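Engineer: Residues or ranges marked as signal peptide by Swiss-Prot on the basis of sequence analysis: 1-21. Feature annotation from Swiss-Prot assigns N-linked glycosylation site to ASN54; the stated evidence is sequence analysis. For 62-251, the entry in Swiss-Prot reads domain 'Peptidase M12A', with the evidence type sequence analysis. The disulfide bond annotation in Swiss-Prot covers CYS104-CYS250, CYS125-CYS144, CYS252-CYS272, CYS274-CYS283. Residues or ranges marked as Zn(2+) binding site in Swiss-Prot (evidence: sequence analysis): HIS152, HIS156, HIS162. Annotation comment: Swiss-Prot describes GLU153 as active site. Positions annotated as domain 'EGF-like' by Swiss-Prot: 245-284.
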Amino acid sequence: MFLRPSTLLLTLFLALVAGSAIRKDVDEFDSNKGKDGIVDGDIMLTEAQLRILNGTAKRSKRQITKIWKKWPDAKVFYYYENEFTSLKRELMSYAMAHISSNTCVKFQESNSATNRIRFTNTGGCASYIGMNGGEQTLWFGDGCLIFGTAVHEIMHSLGLFHTHSRFDRDNFLSVSYKDVPENMVGNLEKETEQTTYNAVPFEYGSTMLYRYNTFGEGTLVSKNEDYQKTMGLRRVSFYDLVNINVRYSCGCAKSLTCENGGYTNPSNCATCVCPTGFAGTLCNEAPSNTIKLTAESYWKGYWVNFGYSTSIQTTNYYLAYLWITAPADKTIEVKIMDLSGFTCSYGCNYNGVEVKYMGDPRITNPLRCCAQDTEYLNQVISSKQNPTPIVMQQRYGSSKLTIHYRYVDTPLSSNKKSTNGYDNYQYYV
């Protein structure tokens with residue numbers, strides 16, 4: 001079998017950098033250890049909100065949405081403390097721009113607006129939930145320097161909770177309190193249908209989900225074991241953006257016919273917001289920085305180096321893609337043969353590979369970043385996508401991925417179709 005090689009490397013001159021050597025990422029919970037007044041690892045609550053969660057005040061769902069207040073007209077005012085570093089300003093500005101370019105939420109810098117967020121260097125990574133009125137603080141310390149963490153805290157300030165606190169989380173996670181300190185047990189409480197509502201499916205790749213070992217070894221265990229290393233990802237998922245849009249009732253007067261589960265962009269109604277791995281006005285094209293591969297009825301091999309030409313660690317991901325196509329209605333199969341130069345970690349937040357094989361093109365598929373997890377190597381992945389995107393992410397140096405791929409005659413159309421239960425988009429299951 002002939003292995004075709006390729007290289008996707010970026011010379012690092014525009015990316016935000018966090019240091020010259022690999023630095024252990026500290027999640028929101030770890031950064032806030034010892035900080036008073038924190039619930040759920042990184043959330044600050046007003047006294048009224050605490051009474052709601054503690055059950056000392058009873059409210060209807062309509063009243064609850066008033067407790068977790070939205071920003072009027074989806075416009076958020078903010079300012080930076082003088083000590084807020086230039087790197088953090090760039091990172092936070094990038095996070096706000098990402099949200100505003102894919103939703104109807106807009107951000108405006110102002111230190112005199114009646115309601116505003118104050119960004120401060122100190123106190124770990126934490127935020128209040130929703131708009132509290134007046135000035136509220138968003139803490140963004142030195143352990144927060146990753147793009148998805150910036151978005152994570154902003155999403156709290158927009159009124160969104162953690163994925164692992166959803167009232168239906170027990171369908172997707174097993175929660176162990178064995179190694180959780182007694183004073184931390186409250187961080188693992190679920191919300192109720194009376195305090196929150198779910199607008200999207202449970203998303204293992206959400207930037208609002210903590211990792212497997214956040215509160216202690218094996219505290220949050222995925223009931224789908226394929227997702228164990230995906231939990232804690234800080235890339236920002238498509239469904240994270242959908243969550244914001246639903247929260248703020250974003251939309252356009254006229255909807256486009258977006259493909260592959262995309263939606264009309266409330267920030268620019270002439271184009272669609274596309275799931276990761278898809279691009280173009282209507283989400284029917286490959287993203288830039290994509291290598292296109294054509295599957296045959298026999299196994300073909302391919303390897304690719306992707307990432308940076310330097311070992312500096314960045315605060316955001318360099319994304320590159322493979323796009324595997326086959327004749328219409330054929331089923332594509334992929335095998336990951338080797339992962340070289342990957343950093344094994346929960347959340348795969350240094351580098352990772354995602355084969356988008358599931359029927360719902362919007363959901364995050366399991367990420368792979370651990371060469372020692374040999375049970376996932378040389379295993380046939382049967383895709384319900386044609387073309388099948390493979391997403392490669394990198395924050396530190398470069399990595400090498402080797403795959404085999406082919407198509408088989410099993411018609412995709414022989415699969416049943418369903419929805420995610422939250423909207424009407426149909427896909428193969």
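Cβ coordinates are placed from backbone N, Cα and C, and glycine is handled just like the others.
What you see is a predicted model, and the numbers here were worked out from it, not measured in a lab.
A description of the local structural setting of each listed feature is requested, covering burial, neighbours and distances.
Structural biologist: Within the same chain, the residues at least 6 positions away from CYS104 (disulfide bond) whose Cβ sits under 8 Å from its Cβ are ALA74, ASN245, TYR248, CYS250, GLY251, PRO266, SER267, listed in sequence order. In the three-state DSSP scheme, CYS104 (disulfide bond) falls into the coil class.
Taking all protein chains in view, 26 other C-beta atoms sit within 10 angstroms of the C-beta of CYS144 (disulfide bond). In three-state terms derived from DSSP, CYS144 (disulfide bond) belongs to a helical segment.
Counted within 10 Å of its Cβ, the other Cβ atoms near HIS156 (Zn(2+) binding site) come to 24, all protein chains included.
Using DSSP to sort the residues of the domain 'EGF-like' (245-284) gives these counts of helix, strand and coil: 3 helix, 5 strand, 32 coil.
Under a cutoff of 8 A between CB atoms, and with a sequence separation of 6+ in the same chain, the neighbours of CYS272 (disulfide bond) are LEU256, CYS258, GLU259, GLY262, TYR263, THR264, ASN265, GLY280, THR281, LEU282, CYS283.
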Engineer: May I ask for the distance between CYS274 (disulfide bond) and HIS162 (Zn(2+) binding site), taken between their Cα atoms and rounded to an integer number of Å?
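Structural biologist: Between the alpha carbons of CYS274 (disulfide bond) and HIS162 (Zn(2+) binding site) there are 23 Å.
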Engineer: Can you tell which of the disulfide-bonded residues (CYS125, CYS250, CYS252, CYS274, CYS283) has the fewest other C-beta atoms within 10 angstroms of its C-beta?
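Structural biologist: Each of the disulfide-bonded residues CYS125, CYS250, CYS252, CYS274, CYS283 was scored by Cβ atoms within 10 Å; lowest is CYS252.
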Engineer: Mind giving me a neighbour count for GLU153 (active site)? Other Cβ atoms within 10 Å of its Cβ, every protein chain shown.
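Structural biologist: Around the Cβ of GLU153 (active site), 26 other Cβ atoms lie within 10 Å.
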Engineer: Can you grab the distance from GLU153 (active site) over to HIS162 (Zn(2+) binding site)? Cα atoms, rounded to a whole Å.
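Structural biologist: Between the alpha carbons of GLU153 (active site) and HIS162 (Zn(2+) binding site) there are 10 Å.
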Engineer: What is the separation, in Å, between the Cα atoms of HIS156 (Zn(2+) binding site) and CYS252 (disulfide bond)?
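Structural biologist: Pair distance, Cα basis, whole Å: 25 Å.
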